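TrEMBL annotations:
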- 67-169: domain 'Mur ligase N-terminal catalytic' (DOMAIN)
- 174-366: domain 'Mur ligase central' (DOMAIN)
- 396-528: domain 'Mur ligase C-terminal' (DOMAIN)
Amino acid sequence: MSPANYPEKGYSYSQAITLTKRRQIVQSCKLKYVRTTSPSLKLPPVITDCDNAEVIGARECKGKEWIHFVGVGGCGLSALAVLALKQGYEVSGSDMMWSDAMDALREEGARVYIGHSELNLRKNNGLVPDSLVVSSAIPGGNVEILHAESVGIPVYKRGAWLGRITKGYNLIAVSGSHGKTTTASMLAYVLNAMGDDLTAVIGARVPQLAERNIICGTGCNFVLEADEYDCCFLGVTPQIAVVTNVDWEHVDMFQDEEAVKTIFRKFIGQIRVGGHLILCGDSPFACSLVNKTGSGSALPVLHNDAFQISTYGISSCNDWHALSISSNSCGGSDYQLLHKGLHIADISLQMPGVHNVLNSLAVIATISALSTDQKNFLSSIASLKLHLQNFEGVSRRFERIGTVRGCHIYDDYAHHPTEIQAALQAARQRFPFQELVVIFQPHTYSRLAALKDDFAIAFTNADRVVITEIYEARETNLWKINGRDLAISIVGPPSEFVPSLIQVLEMLVVQISKDPDHETVILTLGAGDITSVGRKLLTELQHKLL
């Protein structure tokens with residue numbers, strides 16, 4: 001599996017359509033929607049039949065509708081809760097553990113609770129929420145869900161709620177097994193910087209966005225990170241859909257690769273008639289989602305009668321492709337941008353890794369699809385180039401934590417073999433000669449059990465690997481597997497099993513302190529609480545060595 005191109009390798013309750021005790025929010029998009037844009041980029045009006053549609057957004061509303069989010073501490077639901085607050089709704093939420101996201105929500109005026117209770121759904125005046133929005137991680141027997149259903153409060157799973165709040169917008173849904181967070185963030189940042197007054201919801205913190213994981217605009221465009229987990233993205237009907245790749249990622253949700261392809265086919269089947277699919281042509285599984293024409297020596301052409309298709313990738317067979325990729329002085333990537341064989345521009349990125357070249361190509365192809373015509377797009381290319389170059393990335397995606405003497409500390413969310421390979425390729429690009437020490441916390445028993453052989457060969461770019469115990473998340477260990485099993489199977493660099501994060505931290509402090517000026521890169525990887533190690537290590541080393 002090459003990191004260069006990301007190749008392949010619930011519960012039941014009512015998803016309500018209408019709100020009880022709601023205040024109607026009715027808007028005619030044709031008559032009242034006014035776009036604010038940069039003079040250098042003209043975007044089309046919203047392309048959807050939304051006359052007299054009920055649309056939740058930053059629109060005129062009388063009174064405050066109360067929305068309660070169950071599982072509000074997670075990145076997906078916290079973003080939706082922040083957006084609801086910014087749009088003028090009364091917001092409350094609950095979760096089993098406190099998180100930084102809940103701190104931010106409380107500061108914005110939301111009522112947030114530790115623990116789930118029907119008391120969270122009551123006010124002294126007897127009012128109850130107008131709707132409940134529930135994270136995919138919450139089981140159907142949750143006390144708040146049961147109470148809401150018993151008193152007639154509509155309950156929405158996240159996918160159904162996303163479908164409701166994006167109705168009437170020109171929805172750009174960014175999907176894919178890997179890379180969708182960075183691609184959606186980059187797209188939202190660039191469009192916003194180019195003057196588009198869009199709305200966006202991202203499933204991670206984006207430091208360059210004022211609200212971190214959302215943009216709350218008044219224009220027609222809505223950029224959404226569309227997640228396949230729990231089939232969440234099937235709740236939306238995009239005008240433009242981006243598929244960055246297709247891979248067997250959520251092994252607890254999908255039985256095999258074919259099941260993943262099936263759900264992605266359903267997703268692209270929901271693209272509006274006359275819409276656009278932006279597809280990574282370097283991903284064989286992604287390309288298998290649509291029909292091909294052409295035979296013999298002719299290159300196959302992807303087509304669909306209902307919508308247009310544009311491809312991007314490193315291969316010259318794609319509509320948009322990158323040529324002559326090289327490292328730049330910032331530690332990122334430079335490349336030549338070509339469209340159907342014609343040189344369009346020279347692109348420079350701050351972020352390392354060929355996977356981020358692909359992410360930027362997806363953004364370019366999407367903005368081209370949004371433009372009114374190709375000449376208009378080409379006239380805006382200088383602005384597009386500038387903002388792509390200025391984009392600094394997303395929290396926990398090769399995020400620099402800090403440097404102490406010769407030790408450089410980075411953190412990344414990678415928890416799948418394909419993502420690990422991509423993260424390590426990026427690390428090697430930025431630090432070609434330094435010692436690279438990787439600390440990996442496996443995430444879920446099922447993923448490690450299903451992909452153990454792929455994990456074993458994913459660390460070849462590292463000089464040393466430390467494996468911790470598995471972060472169990474939502475599972476019990478039915479597979480009788482542990483982190484030691486992975487540590488002894490790793491091919492290439494020396495590896496060891498250090499069960500607890502506290503032990504890892506203590507070991508790193510001792511070893512780095514012995515030779516503090518030795519050029520070392522510490523890269524923590526995983527989707528669990530491994531993210532705390534880098535900052536704790538930085539603090540310990542600063543106290544000890546400075």
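Cβ coordinates come from backbone N, Cα and C, glycine included.
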Self-check item: DSSP-derived helix, strand and coil totals, residue by residue, for the domain 'Mur ligase C-terminal' (396-528)
Solution: 45 helix, 33 strand, 55 coil
Quiz item: How does the domain 'Mur ligase N-terminal catalytic' (67-169) divide up by DSSP, counting helix, then strand, then coil residues?
Solution: 42 helix, 21 strand, 40 coil
Exercise. Give me the mean pLDDT over the domain 'Mur ligase N-terminal catalytic' (67-169), rounded to a whole number.
Key: 93
